[in-house]
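Just below is one structure, and these are the notes that go with it.
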Amino acid sequence: MEEAQGVKPKKKAFCFICNQRKPALKRPKTLDQICRECFYAVFEDEIHRVIVDNQLFKPGERVAIGASGGKDSTVLAYVLSELNRRHNYGLDLFLLSVDEGITGYRDDSLETVKRNEIQYGLPLKVVSYKDLYGWTMDEIVKLIGLKNNCTFCGVFRRQALDRGAALLKVDKLATGHNADDIAETVLLNILRGDIARLSRCTSITTGEDGPIPRCKPFKYTYEKEILPNLNQVSFTYAYFKRLDYFSTECIYSPNAYRGFAREFIKDLERMRPRAILDIIRSGENFRISTSTKMPEQGTCERCGYISSQKWCKACVLLEGLNRGLPKLGISRSRGLNSDHTKDVKRSNGTKNIESKQCGTLDF
C-alpha cells in the first residue's frame, strides 16, 4: 500500500557494529545504536585498552578493588576479574570495603559485597571507622548534624581504604570512579579554587609517591553505561549482566556540595553527550603556573600518614570530635595545627598504626 502511494517503507534498523542484530541501546558517548552482544564486547574492550595503554597493572601484582556494593564497584569487580582471566593479567585480586557505621545503609550494602565475594571468588577485607577511629558516622552525625558530615566521611574513608590496602599488602588500589565522577571533580576543584587537587584529579593513577597507588580503570566510562539513574528507562551493563548490586543512596548526603555539580554535569550531557569527556580532557590539559606555590607532602607527626601539614586532616578532625568541639576540625584556622604540634611533642609524637587517635589502619 505504501509503495503504491509512492512512500518507501522504513528500513529495518540493525546494530551499528555487527549489522546483524536489533539494537538494544544507544551508547551515551557515541550515540551509536548497538545490540547487547556488541555492547558487552565494546564496553569490556574499552576498559581493557585503558588498562593496557596506561599500564595500570603489572603481572604478579596484588590489587585491591574498593568495593561498596554499589553499581560502579560491583561492575568493576566483575569486569576486572573477567579481564584478568581472559587476558591473563596475572593479578591477585581482593575486595576491600569500608564500614562507616551508617545503620540502614552501609550494613545493607556490605551484605551485597559479601555475596559478591562468593559470586566472583574474590577474598574480602572489611575495615570500619569504629575500629580505626573510635567513631561511627551515626555517632558523628548525631554530634555535628548533616551540614558538614561529608567532610568527615570523605577524609576518614580515604585513609580507611589506604589502611585496609596496607593490611592486605597490595601493590595497587583500583576504584570505580567513572567519567562522570571525574568531570564533577574537575568542576568542583575549579569552583573551590583548589589548584593542588585540580592538577592531579584527572590522572588515571594517583598516589604513586604515597603508600599505595590507586587507579581508575573506568576513567572514560560513562555512568549511564554502567547503570542509569533509577528514574531512567535504559539498558546498561549491570542490567544486562544481572549483577548483584546495592542501589540506595547514602542517607546522610542529600545536600552534599558534589550533588549540585553532578546535576550541572547531567544538564550539560543532555545538551551535548560528549561534554563529560570534554571536561576531562580540559582538566588533563590544565597547566599550573610555575609561580604557584604547591603544598609539600610530608607525614603527619601524630599518626605517620601522608600530610602537607603537621597533622593530617583525619587527626585534626578527630581531635575536634574527641574534645567535643567538632567545628575545630572544619575551621580554616591555622592555629589548630600549631596547637597539635605542641600536643605531639608532649606525647612524644607517637606514630602507632593501630591507634584510634587517627584511624590509623586507612581512598
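Quick reminder: no glycine exception, Cβ is built from N, Cα and C everywhere.
Note that TrEMBL annotation is computational and uncurated.
Residues or ranges marked as domain 'tRNA(Ile)-lysidine/2-thiocytidine synthase N-terminal' in TrEMBL: 63-233.
Taken from TrEMBL, the feature ATP binding site covers GLY66, ALA67, SER68, ASP72, VAL98, GLY176, ASP181. For ASP72 (ATP binding site), the number of other Cβ atoms no farther than 10 Å from its own Cβ, over all displayed protein chains, is 23.
Model confidence over the domain 'Cytoplasmic tRNA 2-thiolation protein 1 C-terminal' (298-328) stands at 88, taken as the mean pLDDT rounded to a whole number. According to TrEMBL, the feature domain 'Cytoplasmic tRNA 2-thiolation protein 1 C-terminal' maps to 298-328.
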- When you look at GLY66, ALA67, SER68, ASP72, VAL98, GLY176, ASP181, which the record names as binding ATP, what is the longest CA to CA distance in angstrom? 19
- Go through ALA67, VAL98, our binding-site residues, and report the one whose Cβ sees the most other Cβ atoms within 10 Å. ALA67
- Could you list the residues of the same chain, at least six apart in sequence, whose Cβ is under 8 A from the Cβ of SER68 (ATP binding site)? SER97, VAL98, SER109, VAL113, GLY176, PHE246
- Same chain, |i - j| six or more, Cβ under 8 Å of ASP181 (ATP binding site); the result in sequence order is ASP72, GLU223
